[in-house]
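Over in TrEMBL, the protein carries these features:
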TRANSMEM  12-34  transmembrane segment
DOMAIN    12-412  domain 'Major facilitator superfamily (MFS) profile'
TRANSMEM  49-67  transmembrane segment
TRANSMEM  79-97  transmembrane segment
TRANSMEM  103-124  transmembrane segment
TRANSMEM  136-162  transmembrane segment
TRANSMEM  168-191  transmembrane segment
TRANSMEM  221-241  transmembrane segment
TRANSMEM  253-274  transmembrane segment
TRANSMEM  281-299  transmembrane segment
TRANSMEM  319-337  transmembrane segment
TRANSMEM  357-379  transmembrane segment
TRANSMEM  385-407  transmembrane segment
Amino acid sequence: MAKSNSTPGARRALALATLAFAANFSVWVLYAVIGLDLQDTLHLSATELGLFFASPMLTGALLRIPAGLLADRHSARKLWLWQMALTLPPLLMLPFAESLAHFVLLGLWLGISGTSFTFGIRYVTDWFERNQQGTALGIFGAGNAGAAITLALAPILVAQFGWDSLGWFYALGMLLMILLFALAAPVHAIARQRARKQDERPSLKTQMASLKNPQVWRFGLYYYFVFGSFLALILWLPQYYVNAYGLTDAEAMAFTLFFATTSSMVRALGGWFADRYGGRAVNWNVFWLCLVCLFFLSYPPTTMTIHGVDRDVHLTLEVNVWFFSWLIFVIGIAQGFGRASVYKIINDYYPNAMGSVGGFVAALGALGGCTLPIVFGLAVDLVGIYSVCFMVLYGVLALCMVVMFFANKADRFQQRLRFAQSHNFLEQD
């Protein structure tokens, strides 16, 4: 995969970048575990729980935009190290939080860890040829498996030492990651040139110009679903399993861990498929598969009475926990492919602006992790049906598919028009 001549350190750079991204992602979703204990301790409503989950997602989303602009102008490696260092103070202060307000404020600070993806894609793309970047970014994106680290490790630490020990353990882990990345991550020649040539850096106006393109906003909408809902489900599923199916905390974590791990690990395969078949084709199939699954997940437990000739027939329709978990698994796999394919499309259209455009799209996607848990909580409180969260996702996905359908239709028309003009079938005005 790596360039054999010009970039001999590509494999090492990719491996360390993926590891650093996983470490940051594990911190970013830490509230998914803490929330199970705090919901009862602080007597949180579903809406308040959604706000609790959303706090690290909000800053992680909003800061991705300036992070992307900075990554195109400065060394992504150095920026990444500073970002990881800034996550240490809130982790160390986490054991001292006592109220929802305290946790929300610390969550906003912890959200800095969510910008790691933006620095990472800028760092990784410098090392690979364009026709290899879909696969490389897919491998890097497998760092989403950092969620699995938290879902697997954090409950053990909580059981042994209490939830208030998590901040210190994670701070120690992040410190070790900072040292490893600082000492072992190679610096690419392109990054050195970017740092030295102040006058050749893209201006802020140039960087922002791409963000005015409606196409970039469409990519952000697609990523809102494939990544934003992935984040939201990681945060929401543990308590969903507990409340909707009566599972224990450990069982809920195990099911969520399986969802997060499989979805993250297939992202590399999704990048390969995007390189081979095209990101747009992969994305369209991902959307259809998720739409079918969400249709079944949205259906609430229902009891019907059919009035027959001699007697009434009572029917109960319900998605049991195993069928539910299977559907969630399929959605996770599809979203893993979708996350890779979206960034393959971005790299095809904006290869020289992966930091700014990629950061902007990542920000819109991460906003899903912020807004969707709040919407889930509000919907549950208002409607009183647990599965209403999947109705929300169904609506988001339907919007994505409508937008993508008409965008593809417009692109095909433009291609036919250019072909006709180039072959003198039509006169150009």
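Heads up, the Cβ atoms here are built off N, Cα and C, so glycines get one too.
TrEMBL: automatically predicted annotations, no manual curation.
Listed stretches 79-97, 103-124, 221-241, 253-274 were compared with the transmembrane segment (168-191); the greatest number of C-beta pairs under 8 angstroms is found for 79-97. Taking every recorded stretch in 49-67, 79-97, 136-162, 221-241, 281-299 and counting its Cβ pairs under 8 Å to the transmembrane segment (12-34), the highest total belongs to 136-162. Against the transmembrane segment (281-299), stretch 385-407 shows more Cβ pairs under 8 Å than any other of 49-67, 103-124, 136-162, 253-274, 385-407. Taken as a whole, the domain 'Major facilitator superfamily (MFS) profile' (12-412) shows an average pLDDT of 85 in this prediction. Long-range contacts of the transmembrane segment (103-124) within the same chain, counting only residues at least 6 positions beyond its ends with a Cβ under 8 Å from a Cβ of the stretch, are 13-14, 17, 20-21, 24-25, 27-28, 30-31, 34, 38, 51-52, 55-61, 63-64, 67-68, 71-72, 76-77, 79-80, 83-84, 86-87, 89-91, 93-94, 97, 136-137, 140-141, 143, 188, 191, 343, 354-355, 358-359, 362, 366. Two recorded stretches are said to be in contact when at least 3 C-beta pairs lie under 8 angstroms, sequence spacing 6 or more; the transmembrane segment (357-379) and the transmembrane segment (79-97) fall short of this definition.
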